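Feature list (source: TrEMBL):
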- 11-305: domain 'Hcy-binding' (DOMAIN)
- Cys208, Cys290, Cys291: Zn(2+) binding site (BINDING)
Amino acid sequence: MAQAGGPGAKKGILERLDSGEVVVGDGSFLITLEKRGYVKAGLWTPEAVVDHPDAVRQLHIEFLRAGSNVMQTFTFAASEDNMESKWEAVNAAACDLAREVAGKGDALVAGGVCRTSVYRHHKDEATVKKLFQLQLEVFTKKNVDFLIAEYFEHAEEAIWAVEVLKQSGKPVAATMCIGPDGDMRGVTPGECAVKLVKAGAAIVGVNCRFGPSTSLKTMRLMKEGLRTAGLKAHLMVQSLGFHTPDCGKGGFVDLPEYPFGLEPRVATRWDIQKYAREAYNLGVRYIGGCCGFEPYHIRAIAEELAPERGFLPPASDKHGSWGSSLNMHTKPWIRARARREYWENLLPASGRPFCPSLSQPDA
């Protein structure tokens, strides 16, 4: 199969989705850059776009090479309430980096906002919307291709974000960081999806907090909610790259391993190929990842859906499909693993012999 071509005329996000095209999102910036020494855990604010732009640029490039169609600005938690005077420079720099890398391939730039730190304290609509508006002004000036409101645990705040972002006239995607139990006030996934579409979101779904299988359960509920309400929207999923079957309503932030001991939970590339196929079969056409999703996970999505997309990503040049490159190995028992059936049916051990089977969430 041919590999993806270089820069050319780019279709917009809704043009792609309306035609049935698969859009592959990008992956983890916060946790990946924390591991690489460029982001501090806690507020997780993205000063790295100013202090270490080469590190952010390199990660964008790796996701692009792995098959991503979207370069999302590294602006998570980059609102005035979290960054004070630094917020504007960070948002502008993040847009420039995303645009620079997107220009190297067939990728769009998405300006991203997330939940604020002030909502949970006083829930003042005007104050919260002003924070989104400030970021939107930078995104508008930088002419991003579309907008994403992500990582909302309350439907109300997500609705406020959508209402602000849609004023730009650009397409708006909105994702909640919820599981099958719904948001923190008991609003079900189906109700969340309906509210977001009615607020003006053209693309709805979930991101972060939960692993692949749990996120897809939530997506099924969102899809059913929209169907019951007679509403249509494109579906989007960007799960964790970690397995979280033991998480409660708060997701992985409640796990004792969060954020520095999550490695035993990392999904394999084969897990992510299964996730991509199941998401596609569910009708989701915007498929990406969030925390824990490394470039090889994004490549797994792109490889699994290569028949539908019509091409392989550049990074597949160094990766044989379903382990086929192992045919060159010197050990016969490893050569025998060069087949789909082996990797598709493998149940990996945790790699930590004294690890409990599951954790007890703190919350």
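FYI, residue positions are counted from 1 along the chain as it appears here.
Cβ atoms are placed via backbone N, Cα and C, with glycine included.
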Fill in the blank from the handout: CB neighbours within 10 A of Cys290 (Zn(2+) binding site), counting all protein chains shown, number 29
Problem - Env. residues of Zn(2+) site, Cβ within 8 Å of mean position of Cys208, Cys290, Cys291 Cβ - result: Ser28, Leu30, Ile31, Tyr151, Cys177, Asn207, Arg209, Gln238, Ser239, Leu240, Gly241, Gly289, Gly292, Phe293
Exercise for the section: Would you count the other CB atoms within 10 A of the CB of Cys291 (Zn(2+) binding site), including those on all shown protein chains? Expected result: 27
Fill in the blank from the handout: CB neighbours within 10 A of Cys208 (Zn(2+) binding site), counting all protein chains shown, number 27
